[in-house]
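Quick look at what Swiss-Prot annotates:
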TRANSMEM  41-61  transmembrane segment
BINDING   GLU64, GLY69, PRO494  Ca(2+) binding site
BINDING   HIS87, HIS403  Fe(II)-heme a binding site
TRANSMEM  89-109  transmembrane segment
TRANSMEM  126-146  transmembrane segment
TRANSMEM  171-191  transmembrane segment
TRANSMEM  209-229  transmembrane segment
TRANSMEM  260-280  transmembrane segment
BINDING   TYR270  O2 binding site
TRANSMEM  292-312  transmembrane segment
TRANSMEM  333-353  transmembrane segment
TRANSMEM  363-383  transmembrane segment
BINDING   HIS401  heme a3 binding site
TRANSMEM  405-425  transmembrane segment
TRANSMEM  467-487  transmembrane segment
TRANSMEM  508-528  transmembrane segment
Amino acid sequence: MSSIPFDQKTISLLGMKMDTSDFYTFADRWLFSTNHKYIGTLYLLFSIGAGLAGLALSVIMRMELASCGDLILNSNYQLYNTIVTAHALIMIFFFVMPALIGGFGNWFVPLLMGAPDMAFPRLNNISLWLLPSSLILLLLSSYVEIGAGTGWTVYPPLSSITGHSGPSVDLAIFSLHLAGVSSMLGAINFICTIKNMRLKGLTGERLSLFVWAVLVTVILLLLSLPVLAGAITMLLTDRNFNTSFFDATGGGDPILYQHLFWFFGHPEVYILILPGFGIVSIIIQAYANKAIFGYLGMVYAMLSIGILGFMVWAHHMYTVGLDVDTRAYFTAATMIIAVPTGIKIFSWLATLFGSYLKLRTPLLFILGFLILFTLGGLSGVVLANSGLDIAFHDTYYVVAHFHYVLSMGAVFAAFAAFYHWFSIIKSFTTYEPHEWEFVYNPFELRKKIPYRRTDFSYLETAGILHFITTFIGVNLTFFPMHLLGLAGMPRRIPDYPDAYLHFNLISSYGSFVTLVSTIMFFMFGVVFNYNLFINGFPSMFYIIKPLIKITFFRIKQIIQGNNECLNSISKELTILILHVKRLSKLSVNNWSIA
């Protein structure tokens, strides 16, 4: 790419012409920013894009599983496994972690401590820009040769040179390395910020629970990621340099990889959910209008979860031949984790008890979180039993369990935080310096900004509709999976006997409902405010019509085996995009972040 001549007056960027001075201002403000608010906003935008890609992959899987036999993948089972791998890695490393830690963490950890910025602003910037590079490598791994169809665990010997001979797994490993470096740099930054940049007098007992949650999370990252890096580096040398760390024919052991991976993998689960715990605490505190019940107990519960998270990794490995004493220990240790988690759940309920609650969108998502996360935890207690897990291992019961914890735990917390902090994030450059003390003063529960405009609020009705449709969609998708797992349906298999048809069909319809609710979230809840909703109603009608047609009628045709309708879908998508572009012109004045 050639550099821009200094005498050139205009430049074309993404099809738009702008003055070079405007371009340099844009680049300096966004691409090279050291401001934690700009970087946090970019993290959120990146996670939204990655989340949509992950959602699209999951819908493709559910379309394939909507009926017995082959529907859309033409018996290409390797492609199905590649989609499974990409979906998992994208959702974990490029959606949940950038949104909860990079996005909301960067935005609000300094504000909740009274800090001017993060401790290392340039480190903050590079930890952001490593993520798009990592995502590109992961997407390339899916396109190179047969793709990386190993599952997100990348177990050898399937991931070895005999199982995947092409460079696809190598690219996926490099992608994980880059994402790990990004997370490590961010973790160092957060630890230094929280330790050294608090307001004078803001001791640990007065720190926000969200800051505590982020602190425990980044300590877990700092301790667990080097183990993953070592495991995948050994796998890389096994594949390319003739070592035999995980090759039994050369004296290695594939079970060693499983121990190393899950020593990272189980703390990773808590890394994903702990920032969500902090968000739940903040929103419940705001809507109950009182301090969280048992503050110190909540802090110690998070610390206990972090410590115990490193002591239970082998409950993912009950089927590999562990001796009975080892299985007894890991069963007991896993069940003990339910104690601090239960303390947090009951403390939140005790805070809500007796409060006058206005059921706004953020609180609805938090209540959904409490119900569904608890259900997911109960199925986790079942899986903790080493005897029962022999039957449930690698079935859809496990898929249902961790999606109840993540899809309805971490993601519900992210939606709640987005709605709760929406006006601040969208209008942060419009606040005067003296107004920030009203936005977040760590010593006050909440204050209203006097005479503040409400131009940047979301549509409450649209938010509630988004919650209801999402709640119905995710439960329709994942609850039948418990029953499929109990009946013995294995995961990561694109075909199944017709005895499993009805529950799979319900699950697929649930994923389509979730897809529609996500589209509604972008159309009505985020991008457009009330005035635009009224002025742009005719254009919205033209958007909704092809959307309904694609969602219900075309998908039904695909399920029935009519693949000729794919051309019609592409035409309808083209029409849809044209109308979205037309409508976006109406929203230009309402959708400027800076």
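Every residue number used here counts from 1 along the chain in the order it is shown.
Cβ from N, Cα, C; glycine included.
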Tell me which of the binding-site residues HIS87, HIS401, HIS403 sits in the most Cβ-dense spot, judged by other Cβ atoms within 10 Å.
HIS401
Would you mind checking how many other C-beta atoms are within 10 angstroms of the C-beta on GLU64 (Ca(2+) binding site)?
22
Let me know the most crowded of the binding-site residues, choosing from GLY69, PRO494 and counting other Cβ atoms within 10 Å.
PRO494
Spatially speaking, which of the binding-site residues GLU64, GLY69, TYR270, PRO494 is closest to HIS403 (Fe(II)-heme a binding site)? Use C-alpha to C-alpha, please.
TYR270
Other than GLU64, GLY69, PRO494, which residues of the chain come within 8 Å of the Ca(2+) site, judged by Cβ distance to the Cβ centroid of those residues?
LEU65, SER67, CYS68, ASP70, LEU71, ILE72, LEU73, TYR80, ASP495
Distant-in-sequence neighbours of the transmembrane segment (89-109), which means Cβ under 8 A and at least six residues beyond its ends:
36-37, 39-41, 43-44, 46-48, 50-51, 53-54, 57, 115, 118, 124, 127-128, 131, 134-135, 138, 152, 172, 175-176, 179, 183, 186, 190, 193-194, 210-211, 214, 217-218, 268, 271-272, 275-276, 279, 406, 410-411, 413-414, 417, 421, 424-425, 440
What number of additional C-beta atoms lies within 10 angstroms of the C-beta atom of TYR270 (O2 binding site)?
21
C-alpha spacing of TYR270 (O2 binding site) relative to GLU64 (Ca(2+) binding site), in angstrom:
31
Cα of GLY69 (Ca(2+) binding site) to Cα of HIS401 (heme a3 binding site): how many Å, rounded?
26
Can you give me the Cα-Cα distance between TYR270 (O2 binding site) and HIS401 (heme a3 binding site) in Å, rounded to a whole number?
14
